[in-house]
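Notes to accompany the following structure.
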Amino acid sequence: MDAQQNDELYPIAVLIDELKHDDVLLRLNAIRRLSTIALALGPERTRDELIPFLDESVEDEDEVLTALSDELGGFVEYVGGPEYAHVLLSPLENLAAIEELLVRDKAVESLNKICEQLSTEQIDQYFIPLIGRLSKADWFTAKISSTGVYKVAYTKTDPQTQESLRQGFAQLVHDDTPMVRRQAAINLAKFLRVMPPNVVIDEMIPLFQHLASDDQDSVRLLTVEILVAIAETVPKEQQSSHGVLLTALRSLFEDKSWRVRYMVAEKFEKIAKAVDDEVVSRDLVPAFIKLLKDTEAEVRTAIAGQIPGFCALIERDVLLQEVMPAVEELVSDSSQQVRASFGTQISGLAPILGKQETTEHLLPMFLQMLKDEFPDVRLNIISKLELVNDVIGIELLSQSLLPAIVQLAEDKQWRVRLAIIQHLPLLASQLGVKFFDEKLSSLCMSWLGDTVFSIREASTQNLKKLTDVFGVQWANEAIVPKVVAMGGHPNYLYR
């Protein structure tokens, strides 16, 4: 009997030794093998011996504790299934209060995984009190973690408990510590999505309002996502009657902190899709134009990324008369990042504007941006020409843009020539072999005799890439004879 008992105690004795070992790698490996040890012990001894032991061993390196938080999330089967899953809550509650963010995040993730498997009785008896303890803890780290465990529990409990959970969350939104309010703002956007519109209107909009007027911009910038969540939850026809929401929206657009305006700019299309047409035309169009002219380059860069998405949602007249003049100013923006961001988006306007307006409005902008001193701007324009080609056709595109490309290809500044060479295979793949042979083939051959070595070297690479695009047969017919002929050229550079 003694021998058998010793055999049974052996795995936990080894684990205890390894978990107390000086070598962090050994401790980490022991955590990774927890499931094997739990299997050897069986559910009852895992509950009675292993979990209490782990509960006491939450003072270790962050790496070990992160691994432990992760392992415990998948431990339900080893403690005897969902009916005993609540025994795992205690060690995870301790881990959720640790100072290190990675440990806390994993602990919250695991708590939510376990909560999914708990019965309503277990949630009421064990999980709701756990939320209460974390939310009212003295140390802010526990409060931060608590904001992440409300949502799953909320969906699995009765209306009365749901009300008290909402009240508990409201206290976190009003917490004195900015770090807690920040995390409450992040999780409020997720939490309110599991509530009916009337609760969102009556209770969540005031919380959003409170956070949107926070004195810390790091809190305010997180409320943009809450705004989107509210707008997506509350039916559009009910939105305009809630002046509070629109007032908060306007104040975010005009926030004194550029970081808040940046977040608004980054989520602009999302906001526009979630609100009704009246709000779009009355509030969002002027705000969009204002953000396009923002004093901070980062804000202009972010809003430039929203141009096609937002412009597709507004009326054509408004787009042409009010928005396009502001959009056109970005072509000559003082920041190269703004111009580069705009370069990736401008082509997206072609399908929205149609053939005539694209020719009238976009092509002059393309021509100007193709001459931009910053290579990324030129590359972004060239790499997106396909969209324009689909709208106005290859003939019109080649008539307007080809002279500019040829001009750049013969530019006296060799770096400009080099940029065009590097972009040519991309351009060729979009414009097709026929167009290339007619308009660009001779240009490619001329680079082989350029006075600058880098250009000659790049042009040989260019021919190789073009062969990849158009195929070996094309190269044999169109390129090889010309290259062979150059071999007999009197100029040694050509040879």
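Counting begins at 1 with the first residue displayed.
A Cβ is built for glycine as well, from the same backbone N, Cα and C atoms used for every other residue.
According to TrEMBL, the feature domain 'Phosphatase 2A Regulatory Subunit A helical' maps to 178-274.
According to TrEMBL, the feature repeat 'HEAT' maps to 11-49 (among others). With DSSP classes pooled into helix, strand and coil, the tally for the repeat 'HEAT' (11-49) is 33 helix, 0 strand, 6 coil.
Under the heading repeat 'HEAT', TrEMBL lists 88-126 (among others). Taken residue by residue, the repeat 'HEAT' (88-126) breaks down under DSSP into 32 helix, 0 strand, 7 coil.
Look at TrEMBL and you will find 204-242 (among others) tagged as repeat 'HEAT'. Using a Cβ-Cβ cut-off under 8 Å and counting only residues 6 or more beyond its ends in the same chain, the repeat 'HEAT' (204-242) has close neighbours at 169-170, 173-174, 178, 181-182, 184-186, 188-190, 192-193, 195, 197, 248-249, 251-252, 255, 257, 259-260, 262-264, 266-267, 270-271, 274-276, 278-279.
Predicted-model confidence for the repeat 'HEAT' (245-283) is 89, expressed as mean pLDDT. Feature annotation from TrEMBL assigns repeat 'HEAT' to 245-283 (among others).
Taken from TrEMBL, the feature repeat 'HEAT' applies to 284-322 (among others).
Residues annotated as repeat 'HEAT' in TrEMBL: 323-361 (among others). Nonlocal intrachain contacts for the repeat 'HEAT' (323-361), taken as residues 6+ away from its ends with a CB within less than 8 angstroms of a stretch CB, comprise 285, 288-289, 292-293, 297-298, 300-302, 304-305, 307-309, 311-312, 314, 368-369, 372, 374, 376-381, 383-388, 390-393, 396, 400.
Sequence-distant neighbours of the repeat 'HEAT' (362-400) (same chain, 6+ residues past either end, Cβ-Cβ under 8 Å): 328, 331-332, 336, 339-340, 342-344, 346-351, 353-355, 408, 419-420, 423, 426-427, 430-432, 435, 439. As annotated by TrEMBL, repeat 'HEAT' applies to 362-400 (among others).
Mapped onto DSSP helix, strand and coil, the repeat 'HEAT' (401-439) counts 34 helix, 0 strand, 5 coil. According to TrEMBL, the repeat 'HEAT' annotation covers 401-439 (among others).
Counting residue by residue with DSSP, the repeat 'HEAT' (204-242) contains 28 helix, 0 strand, 11 coil.
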